[in-house]
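Structure first, commentary second.
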């Protein structure tokens, strides 16, 4: 049968011996099947692999057809922000807690992956957000997020006063502990815990979810995915930052705005053929069971 993928990258940042075991098992299995395999440098070092081709995440993105992320959702988010810049498919083997983005069961991963490698899979394009912290005539600080961009105090929790502009038109002002700007992918993450809506992954939409607002009128807002969001801050506000996927933080200085828009590139996320988004909601998040 024709191979749909020729070069496969193995990525992830293992924290437990069981995850490292999965990395090594996957490497040996792929090599035995005749695939060209690129192993992320840190993994190869920790496994003490010899005669193995290694690369950085960027090199894997440039050279491989498929990246297999071994770990939890945090590993997937960290790797996917880089891999999304390249024309590469990404799938995950769950070695974390929730595993909402890592579909493959570690106990049955090789059989599931064998089906995927033969072309039996579901492909999705997930968009990212780009966040810019900028001041007029100053250099921008930029990062991206798969799940969400969060405005919050830097160290000590306190109320923030800010205004929100959508496509440069004033939308609303708010006094709250922060704001979560989420993709459909991130709607089942931090946004959900703050009362935000669940968006199916194919929706072209962005959600704005207030964090502990100091008014009864503040509610989550869903806007078009093509929109550009600008956050402006009261001069009384200080020690603020935005975080991307709870992994990258950008401090906000006095006089700076934050711009958030959809990224120019997307993540090519693939799933096993029997994948169901609503089944994942049920099994991972306790979504309502069938009555009959």
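Placement of Cβ uses the backbone N, Cα and C atoms for every residue, glycine included.
If you look up Swiss-Prot, you'll see 73 marked as active site, proton acceptor, on the strength of sequence analysis. According to Swiss-Prot, the NAD(+) binding site annotation covers 73, 74, 147, 148, 158, 175, 177, 188, 189, 190, 191, 192, 193, 247, on the basis of sequence analysis.
Recorded features from Swiss-Prot, shown on the structure.
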residue	record	contacts (Cβ under 8 Å, 6+ apart)
73	active site, proton acceptor	96, 98, 99, 100, 101, 102, 189
147	NAD(+) binding site	77, 182, 183, 185, 186, 189, 190, 191, 245
158	NAD(+) binding site	177
193	NAD(+) binding site	none
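Looking at the residues that bind NAD(+) per the record, 73, 74, 147, 148, 158, 175, 177, 188, 189, 190, 191, 192, 193, 247, the two CA atoms farthest apart are separated by 31 Å. Neighbour density at the Cβ, taken as the number of other Cβ atoms within 10 Å, is lowest among the binding-site residues 177, 189, 191 for 177.
Secondary structure at residue 177 (NAD(+) binding site), taken from DSSP and collapsed to helix, strand or coil, is coil.
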